[in-house]
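**Student:** Dumping the structure here so I can ask a few things about it.
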């Protein structure tokens, strides 16, 4: 892609998110979301492949539907209450509609079906943008409206953690596994949104770091399915030994960074007298942990002299930047000791 066009598209992507962040009026927030969607569509179709075009059309239709729902709900709110301000959402009907529209935008279950299919059709770099940057603007709106209907949030959260764990069990494609992982993590964030928005923000930040690291590991190895992982030891032995730890951090195992948000969320849910919800969420985390362990097994325990299912790649030196990968991997593995500092920040 022409660097000038790429720079323009990335600028549009950043501008759309910034407009949504800075807006206090629903019309401006909607404009930001639309700019965001329109900027990423050419990035998704840059590889002229039928699968990429199909994924782009699916993504465009989903996002257009969610944006139309959002606009309709904000207009309904203005009609019922006379307010266009994001933080003046008082009527339960538009609040519920906007919550569902934003759930469709970020891919929360039960409106999640588009996400694995879309992610599977993209290359790893665009998939990384879709899994991280594209979640920021809708989450900014969710944090601002503070949905009052607690039941719908808990149902969305539990359904997402369950679907995210269950859906990834039988997958062999890494991008689909990462899509289901995204659904499960978003479920955890939504569960605690009404009780502790700052904890939701911390979980989102941790998720962004871990997902960034995972995508970069797969990108460096040029792996898109489990079989390709089995040959990664030949290309990058040090990275192959660290990658299972990154995956287990995504699964939420101590003493890795991914344990921190799950621990704090379970603690917060228990404080709110929601022990059954916390128990269910913890059990669904085991489902996710299983497929992360599958990937770890494929990377570390299926090396030579076993028969490799994948073809052995050429050991060419990589031309990719490894500094972002190094920083994000260290953050993914070693931030758990900062939990007291995070808790102190949450209580401010």
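Just so it is clear, glycine is given a Cβ too, placed from its N, Cα and C backbone atoms.
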**Student:** If you check TrEMBL, which stretch out of 131-150, 151-170 is marked transmembrane segment?
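**Tutor:** Within the set 131-150, 151-170, TrEMBL attaches transmembrane segment to 151-170.
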**Student:** Taking 35-56, 233-254 as the choices, which stretch does TrEMBL tie to transmembrane segment?
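**Tutor:** TrEMBL lists transmembrane segment for residues 233-254.
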**Student:** Which range, 14-33, 274-293, does TrEMBL list as transmembrane segment?
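**Tutor:** Comparing 14-33, 274-293 with TrEMBL, transmembrane segment matches 274-293.
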**Student:** Are the transmembrane segment (274-293) and the transmembrane segment (201-221) close enough to be called in contact, which here means at least 3 C-beta pairs under 8 A that are separated by 6 or more residues?
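**Tutor:** Checked: the transmembrane segment (274-293) vs the transmembrane segment (201-221), no contact.
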**Student:** Is the transmembrane segment (323-346) packed against any residues at least 6 beyond its ends, judged by a Cβ distance under 8 Å, and which are they?
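**Tutor:** Residues 196, 198-199, 202, 206, 209-210, 212-213, 216-217, 220, 239, 242, 245-246, 249, 254-260, 263-264 contact the transmembrane segment (323-346) from elsewhere in the chain.
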**Student:** Against the transmembrane segment (177-195), which of these stretches has the most C-beta pairs under 8 Å: 60-80, 92-115, 151-170, 201-221, 233-254?
**Tutor:** 151-170
**Student:** Under a Cβ pair cut-off of under 8 Å, which of the recorded stretches 92-115, 151-170, 233-254 contacts the transmembrane segment (201-221) most often?
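**Tutor:** Result: 233-254.
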**Student:** Take the transmembrane segment (151-170) and find every residue of the same chain, 6 or more past its ends, with a Cβ under 8 Å from one of its Cβ atoms.
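**Tutor:** For the transmembrane segment (151-170), the sequence-distant neighbours (Cβ-Cβ under 8 Å, at least 6 residues beyond its ends) are 96, 99-100, 103, 108-110, 112, 116, 176-177, 180-194, 274, 277, 280-281, 284-288, 290-291.
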